[in-house]
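Down below is the structure, laid out as structure tokens.
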Amino acid sequence: MAAALAYRWLLCAAGIVNVLPIGGQRHTASDNPSTYNIGGVLSSSESEEHFRTTIAHLNFDQQYVPRKVTYYDKTIRMDKNPIKTVFNVCDKLIEKRVYAVVVSHGQTSGDLSPAAVSYTTGFYSIPVIGISSRDAAFSDKNIHVSFLRTVPPYYHQADVWLEMLSHFLYTKVIIIHSSDTDGRAILGRFQTTSQTYYDDVDARATVELIVEFEPKLESFTEHLIDMKTAQSRVYLVYASTEDAQVIFRDAAEYNMTGEGHVWIVTEQALHAKNTPDGALGLQLEHAHSDKGHIRDSVYVLASAIKEMISNETIAEAPKDCGDSAVNWESGKRLFQYLKSRNITGETGQVAFDDNGDRIYAGYDVINIRDHQKQHIVGKFSYDSLKAKMIMRINDSQIIWGGKQRRKPEGIMIPTHLKVLTIEEKPFVYVRRMGDDEFRCEPDERPCPLFNASDATANEFCCRGYCIDLLIELSKRINFTYDLALSPDGQFGHYILRNNTGAMTLRKEWTGLIGELVNERADMIVAPLTINPERAEYIEFSKPFKYQGITILEKKPSRSSTLVSFLQPFSNTLWILVMVSVHVVALVLYLLDRFSPFGRFKLSHSDSNEEKALNLSSAIWFAWGVLLNSGIGEGTPRSFSARVLGMVWAGFAMIIVASYTANLAAFLVLERPKTKLSGINDARLRNTMENLTCATVKGSSVDMYFRRQVELSNMYRTMESNNYVTAEQAIQDVKKGKLMAFIWDSSRLEYEASKDCELVTAGELFGRSGYGIGLQKGSPWTDAVTLAILEFHESGFMEKLDKQWIFHGHVQQNCELFEKTPNTLGLKNMAGVFILVGVGIAGGVCLIIIEVIYKKHQVKKQKRLDIARHAADKWRGTIEKRKTIRASLAMQRQYNVGLMASHAPGTISLAVDKRRYPRLGQRLGPERAWPGDAADVLRIRRPYDLTKSGQLGLGRTRPQQNPLPPRYSPGYTSDVSHLVV
């Protein structure tokens, strides 16, 4: 007994060792269950029997069932009571450990039993595969966490709608849908798919009007009134069969089901009893084939379990509904495997999206005719070669509304259009009406500001190239119009906005383009350049005028100014020449002044040595050499100064020769007509050059520069200089504030033909054309294009060119002016003659100044002479008086001396010292000093001194070496200090 127990224990241990992973080894097939129960909640006994048969056959299909794996069926009948269905699922399915459940539709419409099954099994993460439930609610994975279905939801018909619209080239539709979950889901699917998968804007369908109604309609008349005023005549209808009958009934009363109207409906609306003839509807292939969907769901489940067995371990399914703590992770992973299936089944290609909804479902395109007879005219099916869904429709088999074989246009073609334009000479001239005017001229058309509330905004008249084109176009294709001016005066450009917080930015257009994109206008007749950015959002006709981009600049001035003779040299060079003259003169003076050989004379010559060169002579010499005038005197004397003089002479020769040659080039030779050679000019490409160029902000030219990578540096430079309007830029070119204006060639050629001072530079670049702008999908596009082509062939466009753009007589006068011979005349050299006149006038002025100055000096000298004469006379009078006084004083002293000679002892010393006073010179009084008697006698002796020492009258003796007086004040002849 003990031995037997030990043997069994060894067998169990060996089995455990075999199944446990060793060292992280991969699991084996024996880790997974060998039997799998598949539950079925079906609505009929036939479905149950087919379910059992399918699983029985599946067990013999080795492609889907691995070895030692067996599937068993567990089925219950769908109950119309959802609560009872839930209990049956728990008691009869979950208790049996089902790994998945296949569920069909309820017994009645709106049955909640399939949803109850999904709630119950989803709580335990048991996958559910629906074979007939198509409500949008089952796509919500927050509620139906483990629900898949082999049929697509109703709102997936929006994908087929878009394919049909693309096939028929309908771009504007009206969507009519119910306000329930499915109705809103189909609208959201339509809009999202249209924007995401249809990159071609031309093929993208836009929703003009959305009509939402409450289910269980009684009347649809109110909505039909709005639909009738819309432009689109293509109606997409999602409604129940009952609501569709009300819609079609009221639409027939408003004559909206006949010729020109297109009705495209879903499956439910297709079965209405009064679906209009010519309507197109969709019918899901195999929609009612429960057997096919049961088989596909079983095989999809087997395919997922097989792959899961080979990749991971599958835990057993939950068994108890009462255990709320059950978390079956294998069920969640099995659901992911199911969503990744892609097999070919009885109902077509079976695959699922992230929501578990069937994709690649095929549809039949049904055409209603002959009172509710359905005819298949196309299919939407899976193409295995292209691996995608393909729409195939036989247009010839379709009978449209009103029993028409021809496809309707899909829109109501209006005959009265809102036309916008913009002021742009010569294409559109705008004139404000006077106060006394009530109507425009015959060649003008009223053009108020668009959507302006001010009454004065209506007082404008327009004429020009585009106005004549619009008048002729309206006659040719038969439409009427209201003409208006652009509200903001701009052609329009796009602004990137992100209003919804999405990752991608949205382009929002302004100006004329914005009015067209927002469908507030029908047509733009203006010089509107065709470019890719605009063509993405609006339609363009064929170009009515081909043009490009060119550069406008002011023609280099040919008019000779008074200083035209100075043009050969720049201002800087002239200044340097003037400075050089005086610098050389100064150096010559210094060299001659300090040279030891600057002054010399010949040996054995009595002549004086030569004088050195002074500064004025040096300046005269420098100017004389420069101006090639003869130098007679004042030349350098030293060798060093003469060497510098020779160098200066060579410099002067080169300067004069260069000046003469350039003077001929500036005044005689042909000058270039433009400063720039074109867009490839290095001065435009080089951002360091001080050359201002600009264009108009947000214009087609501005967009062109943004697109061109090779012009990016140039665009960054000119971006800050761009103007708001072309008119402002052209005026600045005329004034010289702007050197180059880059704009459309038509406008610039017109300006150049009107003003001979303006010229276009270089060849055209960025060639494009002017077209008429229309809304996307406008019915007038083809008609306008054909009319413009006819205008080109008939010569009407050429006539407009001659009338408005090329002013022949003005242009011819400009050409004649250019061809006149370039000879020098008084106008060219008037400045030189005026310079000579200025020199003469300057000399005359200087001589007048010298004469006036000399007269002033003479008058001043006369006053000095008079003052000097008066001073001399006064001084003579004073001297005469002093002489008389001195004589009287001597006489008195003499008398005193005689008296003293008789009594010498009685005379005081003071008297003796004053006996012989010192007399001054003859020319004036002198100060007398005691003891100067001898000097007095030697100077002036009216009396002789006898040998006896007595004075006596007699002749004076000749004076010998008279002593100078001790003090002899002098008198000068300059008495200018006495003149007041």
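Any Cβ shown, glycine's included, is placed from N, Cα and C.
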Point to revise | Record-annotated glycine site (Swiss-Prot): member among S486, S570, S700 besides P527, L528, T529, R534, D744 | key: S700
**Study point:** Recorded membrane side (Swiss-Prot) equal for D182 and V733
**Key:** yes
Practice item. Of the residues N614, N690, give the one that Swiss-Prot describes as N-linked glycosylation site. Key: N690
Practice item. Report the same-chain neighbours of T529 (glycine binding site): residues 6+ apart in sequence with Cβ closer than 8 Å to its Cβ, ordered by sequence. Key: F491, S699, S700, V701, D744, S768, G769, Y770
Exercise for review: Look up N451 (N-linked glycosylation site) in the DSSP assignment and reduce it to helix, strand or coil.
Suggested key: coil
Practice item. Work through the binding-site residues one by one (P527, L528, R534) and name whichever has its CA nearest to the CA of N311 (N-linked glycosylation site). Key: R534
Study note, to complete from the structure: According to DSSP, R534 (glycine binding site) sits in helix
Check your understanding: Looking at the binding-site residues P527, L528, R534, which has the shortest Cα distance to N394 (N-linked glycosylation site)?
Key -> R534
Point to revise | Protein Cβ atoms within 10 Å of N311 (N-linked glycosylation site), excluding its own | key: 12
Check your understanding: Rounded to the nearest angstrom, how far is the Cα of L528 (glycine binding site) from the Cα of N342 (N-linked glycosylation site)?
Key -> 52
Review point. From the centroid of the CB atoms of P527, L528, T529, R534, S700, D744, the recorded glycine site, which same-chain residues not already listed sit within 8 A by their CB, in sequence order?
Key: F491, I530, N531, S699, S768, Y770, G771
Check your understanding: Cβ distance under 8 Å to R534 (glycine binding site), same chain, sequence separation 6 or more: which residues?
Key -> I513, L528, F540, S700, G773
**Study point:** Among N342, N394, N451, N478, S700, the most crowded of the recorded positions [Cβ within 10 Å]
**Key:** S700
